[in-house]
Amino acid sequence: QAHASCLRLSSHVDMFARTLLRRRCAASVAAGVAASAFGLSSLAAADSAPPASKLAKKESGLGVSFEVNVSPSQLEVVEPRIPDDGLSPTEWRALRLESVTPLSHNTAVYRFAFEDETASSGMRVASCLLTKAAIGSEKADGSRANVIRPYTPISRPDAKGHVDLAVKTYPDGKMSQHIASLKVGDTLEIKGPVVKLPYKLNEHAKLGMIAGGTGIAPMLQVIDEILAGESAFGKDNTKVSLIFANVSEQDILLKEEVDRRAAANPSQLEVFYLVDKASSPDWSGGVGYVTKQMLAERMPPPGSSGRVFVCGPPPMVKVVCGAKGTKEDPKAQGELSGMLKELGYAKEEVFKF
C-alpha cells in the first residue's frame, strides 16, 4: 500500500489525498478518477523498490509535495502532472481556427482546435489566456510589432479538443479586428492559462458581479465553478448577484446560458439585466446605466465577507471602479475609484478582470 498525505497545493488549500492502491496483479486502478481530479498520476507497479522503511519524497513543478512509504508491494511514484493540456503557460502555440459562431452583429464565438483532439485547455478558475499577433506598428526592419491581448474562454476547462473565445469586434481594437478577419483554417498564437485570481471554495459568503458585454466570460467561469456541485472539498455555498449590462436586448451575450444557470440555482444565482435603451415593450429588466443605488441594492455591502468582481468595456469599468491597468498585463488592477469607492468599498474588496 502507499499512503499519499500532506498534499500542499499552490493555492494554499491543504488536503489529505485518497489512499491509492495498485498491485502488480491488479487489472485497473480504482482511484484513477480521484488522482485525475488532483492533477496527479496514479501510483504504478514497478519492477523494483527501495526497502519498506524508506520514505520517498517527491516535488513537482506544480507546487505539489508528498511523501510515500514504499512497501514490498513494489510501487513506483509517478511524477504528478496536469493531464491533457492543449495550452502551455510558457510557450506560444499556433491554434487552428475551427469554426465561427455569430452571437450578435459584432460578436462571435471563435473555436480554436488543439493539435490533440483529446486535450483540454487546462484553464484554472479564475484565469485567462493570451493571444498574440504581429499586427502592431511597423518596425525599422519592415516587420510588425506583436500585439498581445488577454481573453477568458467561455468553454469549460474540461472541454476536449478545443477552446472557445467570445470576441466582440471594436473599431479601434487591433486584436479583435484581427481575430474577426481570420478564416477557418487560419492560426492564432495562444498561450495560457494566466491565473488572475485563484478562486477558493466558500472564501466569500456572497460575490457581486458587474459585467458588460463580453465581460460575462470570466463571470461565467467563476459561476460555473461555484455551481459545479459537491466536490472533493465539499459544496460551495457562495451566493452570486450579477448585474449584466448591455446596449440592447439583442446585445446580451449568452443570455440563454445565464438564464439556465439561474433557473437551476435560484437560491445561489440572481441576475439583473440592464440595457441602455429597451426596444421591446415586454422588456422586464432595467433600462439605463449602472447607478450607485443599483450597486448598493445588489452588491454585498462593503466591510462584509463579500467581494465585487467587475469586467466590461473600459468606460464602464472606469465609472464603476476606476480604470484597470495596462492591456498587456492581465493582472494589473489600477487604483480603486468611481462608484464603488464612493460607496465605501476598499481596494481589496474589488477585483477588475
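Including glycine, each Cβ sits where the backbone N, Cα and C put it.
Going by TrEMBL, these are the annotated features:
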BINDING   ARG149, PRO150, TYR151, LYS168, LYS174, MET175, SER176  FAD binding site
DOMAIN    90-200  domain 'FAD-binding FR-type'
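Annotated features, which come from TrEMBL, shown on the structure.
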{"residue": "ARG149", "record": "FAD binding site", "Cβ within 10 Å": "20"}
{"residue": "PRO150", "record": "FAD binding site", "Cβ within 10 Å": "20"}
{"residue": "TYR151", "record": "FAD binding site", "Cβ within 10 Å": "23"}
{"residue": "LYS168", "record": "FAD binding site", "Cβ within 10 Å": "18"}
{"residue": "LYS174", "record": "FAD binding site", "Cβ within 10 Å": "15"}
{"residue": "MET175", "record": "FAD binding site", "Cβ within 10 Å": "22"}
{"residue": "SER176", "record": "FAD binding site", "Cβ within 10 Å": "20"}
Notebook entry, point to check: How far apart, in Å, are the two Cα atoms that lie farthest from each other among ARG149, PRO150, TYR151, LYS168, LYS174, MET175, SER176, the residues recorded as binding FAD?
Noted result: 14
Notebook entry, point to check: Can you tell me how the residues of the domain 'FAD-binding FR-type' (90-200) break down into helix, strand and coil by DSSP?
Noted result: 8 helix, 49 strand, 54 coil
